[in-house]
Amino acid sequence: MGSMERLRQLVDILNEYSYQYYVLDEPVVSDKEYDQLYDELVLLEKELNTVLEDSPTIRVGGDVLKNFKAHNHLAPLWSLDKCKTPEELISWDLRVRRLLEGSGVPIEYVMEYKFDGLTLNLTYNNGQLVQAATRGNGTTGEGILEQVKTIKTIPLTIPHKGRIEVQGEGLMGLSVLAAYNKTALEPLKNPRNAAAGALRNLDPKVTAKRKLSAFCYNVGFYEGIDFNTHMEILAFLKANKFPVSNYTKKFHTIHQVIEEIETIGEQVKSLDFLTDGLVIKVNHMEARRLLGYTQKFPRWAMAFKFEAEEMTTELKDVIWQVGRTGKLTPAAVLEPIDIGGVTVSRATLNNWEDIQRKKVKIGCRVWIRRSNDVIPEIMGSIEETLEGAMDIEKPQHCPACHSEVVERGAHIFCPNSLSCKPQLVSRIVHYASRDAMDIVGFSEKTAEQLFEELNLRDLADLYEIKYEDLIKLPRFGDKKARNLLEAIENSKNCKLDSFVYALGIPNVGRKTATDLAKHYKSFQAIQEAEFQELITLPDVGDIVAQSIIDFFEDEEIKKSVNRLINEGIRPLFKEVEQQENIFLGKTVVVTGTLEKYGRKEIKELLEKLGAKVTGSVSKNTDFLLAGEAAGSKLEKAMEIIASGVETSLRIISEAEFEAML
């Protein structure tokens, strides 16, 4: 795999993991695995001197859900840089001292717990709690005022009358969770998800039943008061009756910080709430101002992450699961065990080689490592328990369709792409998805019904479904049947890039499909593409190019694609005739909420005008289109313009944008 291709792959993987963690509250990988991929990305960006516009290294978190009204923070809620070793803390301290050299500002550190709950941003005006919001993407969160009002430790009124934003963490105590689960019809699995789920529930009564608590630790925006140090902020919070942790310590050297970290382990284990580390902050505000920020982190703070917790349990079984590409992945079934307030019963084993390397057997005891509130990993087996344990059988046949499997490198695949249910159902769902053929109303449940009841075995079979077939299916009334048939019919007239993406070519994502369409301009040309030309395209390396060629040379795929074309699929590339306009060839960034356009709509419109739409502001940006509640991008644009650096950057409103069209 080429370096640029790996860069693109890492960005896509990390963004998906971030979406699962921050938006859905359903983390799918361990913090350790995420950190390893993130660190690899950072090194690769330095090596290539390239940062992609959607790289997680310049982002602050995830997207906002649509269930709640968006709220724009008065001040950004930053992510924190992190480290795991004393050596890394010392390196950070050296950077801080180098940047502050000659400033005369004293260097002191304050250390606090890093709470493992849901971040809250509380807005007070004239002494009243007027808004509470989740962190969201750092500049825009979700308004959850009514839910937060149910947390009895958060004051509804405070003595201070100026406008302020107080940052904190919503938590569910371990003892509260245990008491709740004794009477709950559906026990909650862990405190973090319990708190997050309660605060993001549309019914505040549900939130109230969880009996949440909170700790506040910062004032991000303030009027009518000023602070010289972080300790003054904490004193202000206490004076205004905010819940503040009783653990806050000030240190004069980083070595004092490290000594404290080395002795705090037992104290942390006795807490009634989860914490996944410590936060070390520069105490003096003037020092923070001088240190400033990177694109993602404040230079004046560092999160020290605790070592992952490890325990042992019995491996009860291994279930092999089949994905869209036919790859078989082993899932470990464990004797349920509580690790840090989380009941762990499943873990993912990567592949057959992983099973062999870790020497695990069914019935043996295995080491489980859990880093924070994430899916755990099996580290290995306890050798003394292997005797009498049962070997895990290497699958010779697909667990779903019983076809003989094949091995490709470290992975095992089911080659029966035509009638293996998990593969076909996943492939049909992908084909019908919004970014692909956009068949409205199509779901995984629908795909399973069509597979089971109508014997759907090929993508082209979708276009041969009759009304009489659908109306017989459970949960299919007249309206639903007609709507689905209409959506399937409408999908025949599709964009070339959407069709290419819908086919599910291995290693070809949405962007690569778009690049292929723009370059070749016809489906036939893509089918006949040659290796040497393919690798000249953006982000297409040897592996992606070979994947495309292999895909279209497969005889079964040829038959399937020909059937789709014969069914009336007309994938067209529309060359946009770009008339001379002010945005042609310009770089544009969009921020905030627009009144007349969604984010996808405005991006498509700008691209039709010949503009390049990017996600970050720099001196090379030509236009920043700023909607309502624009956040950090607007601030950065204003800073660039005010700095006097040579730039053509111009900030425009939605009304100005429309006047320029």
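Every residue, even glycine, has its Cβ placed from backbone N, Cα and C.
Annotation for K114 (active site, N6-AMP-lysine intermediate): spatial neighbours T275, D276, G277, L278, V279, A303, F304, K305, criterion Cβ-Cβ under 8 Å with sequence separation of six or more. Among the features that Swiss-Prot reports, active site, N6-AMP-lysine intermediate is placed at K114, with the record citing sequence analysis.
The NAD(+) binding site annotation in Swiss-Prot covers D31, K32, E33, Y34, D35, S79, L80, E112, R135, E169, K281, K305. In this structure, R135 (NAD(+) binding site) belongs to neither helix nor strand by DSSP; it is coil.
For C398, C401, C414, C420, the entry in Swiss-Prot reads Zn(2+) binding site. Annotation note: C414 (Zn(2+) binding site) sits in a coil segment as assigned by DSSP. Annotation for C414 (Zn(2+) binding site): same-chain Cβ neighbours under 8 Å, separated by at least 6 residues, are V322, G326, L328, C398, A400, C401, S403, V405, C420, Q423.
Across the domain 'BRCT' (578-661), the model assigns an average pLDDT of 83. Taken from Swiss-Prot, the feature domain 'BRCT' covers 578-661, and the record attributes it to sequence analysis.
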Additional residues surrounding Zn(2+), by Cβ distance to the C398, C401, C414, C420 centre under 8 Å: V322, G326, H397, P399, A400, H402, S403, V405, P415, N416, S419, K421, P422, Q423
C-beta crowding around D35 (NAD(+) binding site), within 10 angstroms: 15
Cβ packing number for C401 (Zn(2+) binding site), 10 Å threshold: 17
Cβ neighbours within the same chain of E33 (NAD(+) binding site) - under 8 Å, at least six residues apart: E377
Among L80, C398, C420, the one of these binding-site residues whose Cβ has the fewest neighbouring Cβ atoms within 10 Å: L80
Those binding-site residues listed as R135, K281, and which of them has the most Cβ atoms within 10 Å of its own Cβ: R135
Cβ atoms near D31 (NAD(+) binding site) (within 10 Å, other residues, all chains): 19
